[in-house]
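These notes concern the structure reproduced below.
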Amino acid sequence: MKKLVSVSASSFLTLMMLSACSDTGSEEASSDQGEWSPTNNLEFVAPAGAGGGWDTTARMAAQAFEEAGIVDVGIGVINREGGGGAVGWSYIANQAGDPHYLFAASPPLLLIPLNGQSEYSYEDFTPIANVIADFGAFAVRDDAPWQDLNELFEDMQDESSSITVVGESAPGSMDHVQFVNIAKAAGVDPGSITYVSAQDGSAMTNLLNGSVDVYSTGVTETIEQVRAGEVRVLAVTAEERLEGDTVEDYPTAIEQGIDEVFVNWRGFFGPPDMTEAEVEYYVNAFTELNESEEWDAVRERYSWDEYFMVGEEYKQFLEEQNEEMRLLLEELDLYGESE
Amino acid sequence: MALTVHRGVSIVLIIIAIFYLYLAFQLPSFMNTVIDADTIPKITGFLLIILSVLYFFMPVKETEVEKEKRTEAKNDWHYILGMFIMTFLYITLLEVSGFLVTSIVFIFVCTRMLGYKKWKTNSIVSVLVPLFLYLSFTFLLNVRLPTGFMPF
Amino acid sequence: MIDFSGILSGLQMAISLEGILFVFIGVFVGTFIGLMPGLGPISAIAIMIPMTYNMDPTIALVMMAGVYYGAIFGGSTSSILLNAPGVAGTVATSFDGYPMAQQGKAGKALAIAAIAAFIGGTVSVVFLMLFAPVLSSVAIQFGPPEYFALMLLGLTAIASLSSGSTIKALMSALLGIMVVTIGIDAQTGTVRFTFGSANLLEGIDFLVIALGIFALAEVCALIINRQKTTFNAKTIGSLKITKEDFKEMVGPMSRQSVLGFIIGVLPGAGATIASFIGYTTEKRFAKNPDEFGKGSIKGLTAPETANNAATSGAFVPLLSLGIPGSGTTAVMLGALLVLNVQPGPLLMTENPTLFWGVIMSMYIGNIFLLILNLPLIPYISKILAIPRPMLISLVVVFCIIGVYSISFSIFDLYVLLAFGVIGYLMRMFQFPAAPFILAFILGGMLEQSFRQAMTISGNDVSIFISNPLSATLLALAAVSFLFPLWQSYRNKKNNNQTLSM
């Protein structure tokens with residue numbers, strides 16, 4: 001409550017300042033000098049509902065920014081839910097030219113536009129910095145017949161099998177694609193994979209009651225059920241084993257001889273048409289965040305991996321990822337089929 | 001075969017159903033699933049056509065009560081239309097002029113239009129209610145309402 | 001079987017000063033947000049999340065749970081007074097609550113709702129305490145075919161929601177299904193009926209439909225009757241419930257607190273289905289079902305008991321399995337993750353204080369809700385004594401702010417207005433709105449679970465009858481659908497016979 005008051009007080013102050021100097025056009029003035037800093041409160045947009053991955057990333061980053069004193073203005077986090085992110089992205093696109101808006105992003109920013117479900121793609125926005133990564137996990141019931149990933153994929157290659165995979169995302173988005181990506185590397189035909197989408201949160205229930213056979217999800221979602229002995233994780237999509245209780249026992253796909261990974265990268269993007277000075281301000285801020293104790297504590301709390309990238313490196317990474325996803329979706333017969 | 005009210009209604013419904021079906025038949029098919037994204041819409045559309053046709057041929061006779069309900073607005077239709085137009089303007093101006101200003105004007109004008117003549121009470125309420133809503137949403141609930149051109 | 005030391009430590013926590021304080025804050029904020037037009041429990045919890053950041057997880061959950069059932073509790077007020085349901089779970093409350101308020105008995109209607117909610121809430125907490133672990137294993141048996149059967153059972157309520165013409169009710173329901181198919185299809189990702197608008201990708205929100213078709217359409221009716229004298233402010237707030245009234249409430253309260261709880265336990269079903277099924281079962285059992293929809297005490301008691309009982313039920317899968325049973329508990333799960341608590345099957349044994357503390361605090365929360373709400377009723381119900389022209393303008397502003405605060409989208413407001421027009425037209429031609437909204441609420445899940453089941457079975461329809469649970473539910477649905485038809489057929493035949501005699 002106290003924080004709320006202080007945030008609103010500070011926003012009131014900035015408003016007063018803004019109106020005091022509005023006739024001089026503060027934004028233009030500062031970008032002429034080659035440096036820029038926010039003149040107003042920042043808004044971090046999570047293009048999804050409260051409690052999800054984007055939301056947590058945005059909220060935690062906002063909190064750490066304020067706690068570590070990196071940003072002088074207040075940061076509000078708002079949720080713009082809808083269309084797997086499309087609603088939030090079009091909101092940001094409408095803020096073109098106002099650098100006070102950032103949004104949290106991850107692979108769906110590539111996948112949803114590739115599926116033809118968003119008029120804006122990652123190229124329309126200004127990539128600022130990638131901060132973290134986490135990974136996918138494939139879970140089966142404890143009494144399932146498969147002891148490792150290869151046994152599962154062998155069974156899937158047998159045409160008479162009726163193995164179904166469940167995930168929380170839409171077909172052609174995260175949970176589906178991360179599974180297909182690994183399965184394809186093991187020689188399974190992507191088109192033959194039966195994927196059921198359970199967006200109402202019933203995915204784990206359906207795995208437990210035997211409606212489906214495999215649950216493709218994030219690592220954290222599996223931990224409690226694994227500890228209770230209800231499910232087993234056949235593989236994680238990371239390059240190396242993860243650190244932490246329980247998750248350190250999850251084998252990677254690579255160590256089972258399937259040379260493929262899937263990174264759920266998470267970073268921040270800004271609206272279109274940001275100036276160099278504006279980008280530089282944020283790059284510096286995120287670099288400082290990445291090295292701060294506060295952010296380190298956050299990473300540890302959620303067992304997120306550090307995955308920091310800015311500038312050209314980030315752009316190139318995104319291009320490569322996008323190309324990889326495009327090829328994968330093409331094979332799934334999902335790519336751009338809507339128009 | 002006179003065109004009664006219920007037949008008119010069923011024709012409108014048939015047109016809606018045909019339009020919906022037309023869109024449903026244009027949906028792209030996906031992979032090799034039998035039950036595709038267009039299955040349920042098609043079933044729904046055809047069911048509505050069947051029911052509407054049935055309804056068309058049903059010997060429905062409008063009762064006095066029903067007629068009264070249908071025509072109850074005959075003396076007030078311009079108020080209802082005025083209300084919808086006012087609401088439309090309210091929505092359109094909401095983000096332009098901000099929640100406070102728009103709501104104050106809307107409540108005052110609307111209340112007056114519908115025949116409330118005590119302008120003093122009206123002004124007090126139309127200022128206080130939006131102010132209360134605005135303050136509690138912004139400061140207690142942390143929900144941002146549009147400020148428009150005003151500073152708050 | 002019952003873990004007494006756990007219960008004891010939970011109780012200790014719940015009756016500690018901190019526990020009582022935060023459950024009070026929770027239900028207070030919940031009631032306040034619930035009273036606010038358009039703000040439901042999901043937004044209530046989302047608003048509270050930032051405040052819980054540095055709290056002890058047990059206290060945070062106690063408070064959030066309080067916000068949740070407080071918001072449901074308070075949410076019925078706008079349904080009863082203004083016909084503006086802000087939460088799907090209180091739509092059925094407006095069926096008899098609003099007519100009762102229109103008869104000048106607003107205070108009584110609110111008092112009945114509050115008592116029904118209190119009983120539903122409290123009885124279900126007893127069940128929660130006794131049967132949570134057992135029920136969770138039942139809840140988990142529900143896969144796609146079972147959900148499909150359950151949704152179908154819920155939809156059969158349409159037949160009993162029609163006042164008069166069954167065919168009109170069915171057509172109204174089909175229109176509801178059409179509206180719910182707008183947006184991205186969850187199973188294939190196909191974009192349906194959006195006319196290329198990004199605003200429609202996620203479909204149309206429940207609140208937009210409910211406020212448009214119920215509240216804005218009702219505004220038109222108020223305009224027509226705006227000159228009618230307003231109610232006497234003194235009698236309107238009277239809480240007086242007679243012995244006879246109470247007798248009528250006992251039946252629905254005892255049945256619906258059990259039924260509502262059981263339905264609430266099923267992940268995904270929740271308060272809305274519980275309230276509709278509650279309403280229709282009571283209508284079937286009633287001696288004079290004709291009173292339903294015209295301000296029946298039973299018709300108000302049933303959905304209010306059921307939806308509050310279902311709210312506690314939704315905590316069963318969350319606390320004992322770590323599976324969110326509803327949109328609201330999903331947000332709560334997210335908030336718990338932020339606090340570094342991951343609910344799962346082991347929560348009860350590893351963190352008994354949290355598990356039992358939340359449950360025990362619900363007793364206290366429900367008592368707080370009752371003593372907080374009852375004294376407020378005379379004041380709140382005076383809303384109806386506001387001169388009609390002013391009340392009309394205020395209701396419109398409430399609808400706008402309600403929709404805007406969940407989506408921040410002007411587009412949604414235009415859709416709201418459009419549904420206001422549709423709702424008015426439906427009213428004019430006497431198409432019942434209840435089947436429309438029910439089909440809208442259930443239709444999406446009906447389609448998705450049907451297609452999930454078909455994908456899993458490889459397009460073999462026998463999946464619906466091969467397992468006993470879904471077969472039973474389907475049989476129930478068939479009986480529930482055909483029974484009223486058969487009844488009306490028999491009535492007609494009897495009438496004809498008497499006529500011909």
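Cβ atoms are placed via backbone N, Cα and C, with glycine included.
Taken from TrEMBL, the feature transmembrane segment covers C:20-46 (among others).
Sequence annotations record features per position, and here TrEMBL assigns domain 'DUF112' to C:20-438.
Residues or ranges marked as transmembrane segment by TrEMBL: C:58-74 (among others). Among residues of the same chain six or more beyond the transmembrane segment (C:58-74), those with a C-beta under 8 A of the stretch's C-beta atoms are 13-14, 18-19, 22-35, 39-41, 44-45, 48, 52, 87, 89-90, 114, 117, 121, 271, 307-308, 311-312, 315, 328-329, 332, 335-336, 339, 341, 353-354, 357-358, 361-362, 365-366, 369, 373.
The transmembrane segment annotation in TrEMBL covers C:110-135 (among others).
Annotation source TrEMBL lists transmembrane segment at C:147-162 (among others).
Within its own chain, the transmembrane segment (C:169-186) has Cβ neighbours under 8 Å at 155, 158-159, 161-162, 192-194, 200-204, 209, 426, 431-433, 435-440, 443-444, 447-448, counting only residues six or more beyond its boundaries. Per TrEMBL, the feature transmembrane segment maps to C:169-186 (among others).
Residues or ranges marked as transmembrane segment by TrEMBL: C:206-224 (among others).
According to TrEMBL, the feature transmembrane segment maps to C:258-279 (among others). Packing against the transmembrane segment (C:258-279) from elsewhere in the chain are residues 72, 87-93, 95, 120, 123-124, 127-128, 135-136, 138-139, 142, 147, 150-151, 153-154, 157, 252, 292, 299, 302-314, 316-317, 323-326, 438, 441-442, 445: each is 6 or more residues past its ends and has a CB under 8 Å from a CB in it.
According to TrEMBL, the feature transmembrane segment maps to C:321-341 (among others). Counting same-chain residues at least six beyond the ends of the transmembrane segment (C:321-341), those with a Cβ under 8 angstroms from any Cβ of the stretch are 41-42, 45-46, 48-49, 52-53, 55, 57, 60-61, 64-65, 68, 136, 139-140, 264-271, 313-315, 347, 351, 354.
The transmembrane segment feature in TrEMBL is assigned to C:353-372 (among others). Remote same-chain partners of the transmembrane segment (C:353-372), defined as residues 6 or more beyond its termini with a Cβ less than 8 Å from a stretch Cβ, comprise 3, 6-7, 9-11, 13-15, 19-20, 23-24, 26-28, 31, 57-58, 61-62, 65-66, 69-70, 73, 114-115, 117-118, 121-122, 125, 128-129, 132, 312, 315, 319, 341, 347.
The transmembrane segment annotation in TrEMBL covers C:392-417 (among others).
Positions annotated as transmembrane segment by TrEMBL: C:424-443 (among others).
What TrEMBL records for C:463-486 (among others) is transmembrane segment.
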Note to self: With contact taken as 3 or more Cβ pairs under 8 angstroms (pairs 6 or more apart in sequence), are the transmembrane segment (C:463-486) and the transmembrane segment (C:147-162) in contact?
What the structure shows: yes
Check: Do the transmembrane segment (C:424-443) and the transmembrane segment (C:147-162) share at least 3 Cβ pairs under 8 Å, sequence separation 6 or more?
Finding: yes
Checklist line | Cβ-Cβ under 8 Å with the transmembrane segment (C:206-224): same-chain residues at least 6 beyond its ends | finding: 38, 40, 82-86, 88, 91, 94, 98, 179, 388, 391-392, 395-396, 398-399, 402-403, 406-407, 412, 415-420, 422-424, 426-427, 433, 436-437, 440-441
